[in-house]
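Colleague: This is the structure I want to talk about, given as structure tokens.
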Amino acid sequence: MSPTISHKDSSRQRRPGNFSHSLDMKSGPLPPGGWDDSHLDSAGREGDREALLGDTGTGDFLKAPQSFRAELSSILLLLFLYVLQGIPLGLAGSIPLILQSKNVSYTDQAFFSFVFWPFSLKLLWAPLVDAVYVKNFGRRKSWLVPTQYILGLFMIYLSTQVDRLLGNTDDRTPDVIALTVAFFLFEFLAATQDIAVDGWALTMLSRENVGYASTCNSVGQTAGYFLGNVLFLALESADFCNKYLRFQPQPRGIVTLSDFLFFWGTVFLITTTLVALLKKENEVSVVKEETQGITDTYKLLFAIIKMPAVLTFCLLILTAKIGFSAADAVTGLKLVEEGVPKEHLALLAVPMVPLQIILPLIISKYTAGPQPLNTFYKAMPYRLLLGLEYALLVWWTPKVEHQGGFPIYYYIVVLLSYALHQVTVYSMYVSIMAFNAKVSDPLIGGTYMTLLNTVSNLGGNWPSTVALWLVDPLTVKECVGASNQNCRTPDAVELCKKLGGSCVTALDGYYVESIICVFIGFGWWFFLGPKFKKLQDEGSSSWKCKRNN
């Protein structure tokens, strides 16, 4: 299952915890509208926020104080830019559910999951975006304008091809490779736009109002993800539209993916042109630069990661989320496979929003002390056990289906399961964020936190991809109705069908994977968990980076 509305951790792409990619449940900021952890989860969102709230330096006094009302237009522009950023993220999150409804393999789903990696990796090219620009045009507009033009043009072009790529025009199987390349580019461009907008926020707003930048980011990207994921899946579904929005049933939804792409591509082109022509950049930054250029930034990152305490943290956090990977990455897709309408799963994101707002506020009371990782350690076994509960939920799903639908009590159980899961996900997420803020060297806080959060995000991305990849190899199918045949390869499946048989699943790899992941997770908790907790006992000198200026 996957969270809905992404949380931003260093890689900003989906909210912590998910059922699947769109119902995203990955362990990072989760994108709205799904059950994916993915995505807690943008390069440096938390780092940027820390910089916004930290010491601003002498540059603060170069700007006259301005009221909120005086800068309302700039705040609304930032909000809108973040909404635009959420659109391609939401669309990318909806594709796995669409593919699952077309019965693609989990190997294909694993390949498509690479689409969600750019936000976790944007630290690799963020220094380039910060350092290379056309001065007369503007430091941030030099990247924002061309990036959004490319996004808009690409969306319009893709609107003419997407039906063919999904196999809608000729009843072929979806072209997963082409879809992955297209949406990987979407995510890469959205991540680049995020870097530019984050940087522009620091100069666009005065010192008094710069704190609104993180609010614009959170609200805007969440709204954009909701539009591109939850709203799109609902309006694209003929069943949903016929049941709730129409008087006369029709064979398709109110909008198609092609229509949606064309509309938002046009919006990107028009609004980007207006920004390029009408919005000027301020030249003075509200915050002090931590580094002096590309080379300096990469040297600093390398120096940080070489520190023994940081290296230990990275190795442990990269393996900590293996135990959750089957539940986070596969569960939502399995529910769709068992017949649960994808738009219904997406809409479960809506009642989760208040919970996802309240949880961090409550949990932060327990992570504000000197040992925030204690909360991570205590929440981990509950999240692992909920992974088994998810497997039971998938097993139970076909048993309660009635006349092609599911009773209301089924959705209540799913919603309660998801809510409990979110409590554990956010407990671990807020704990990690608090620890990263606690140990980050204040002299280089933004860069330091961005690095730690990026590694935390990668720790959720790679296990999810591997979990999807292993579902098919771990699944055992038998050929029923034809003697001396098996279903181990695609050719064997075809031969079984030609001989009058059919391939029946004898053992679903998802259940095997769920059990294996829980064993691995508890192994990590017993043997490596105490070592992970001990990191918070390290002295502050263990986390301070020595660098030559």
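Keep in mind that glycine also has a Cβ here, set from the backbone N, Cα and C atoms.
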Colleague: Would Swiss-Prot put Y429 and D198 on one side of the membrane?
Modeller: yes
Colleague: Of S22, S142, S218, S483, which one does Swiss-Prot label phosphoserine?
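Modeller: Checking Swiss-Prot against S22, S142, S218, S483, the phosphoserine entry points to S22.
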Colleague: Would you mind telling me which one of N18, N103 Swiss-Prot calls N-linked glycosylation site?
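Modeller: Per Swiss-Prot, the residue annotated as N-linked glycosylation site is N103.
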Colleague: Mind checking which residues reach the topological domain 'Cytoplasmic' (135-141)? Cβ under 8 Å, same chain, six or more beyond either end.
Modeller: 196-197, 199-200, 203, 275-276, 279-281
Colleague: Note down the number of other Cβ atoms within 10 Å of the Cβ of N103 (N-linked glycosylation site), including every protein chain shown.
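Modeller: Other Cβ atoms found within 10 Å: 9.
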Colleague: Note the mean pLDDT of the topological domain 'Cytoplasmic' (278-299), expressed as a whole number.
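Modeller: Average per-residue pLDDT within the topological domain 'Cytoplasmic' (278-299): 70.
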Colleague: May I ask you to check whether the transmembrane segment (218-238) and the transmembrane segment (300-320) make contact, with contact taken as at least three Cβ pairs under 8 Å and only pairs 6 or more apart in sequence counted?
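Modeller: Answer no: the transmembrane segment (218-238) and the transmembrane segment (300-320) share fewer than 3 Cβ pairs below 8 Å.
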Colleague: Same-chain Cβ contacts of the topological domain 'Extracellular' (399-404) under 8 Å, 6 or more residues past its ends?
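Modeller: Residues 338-339, 410.
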Colleague: What is the three-state DSSP composition of the topological domain 'Cytoplasmic' (197-217), stated as helix, strand and coil residue counts?
Modeller: 14 helix, 0 strand, 7 coil
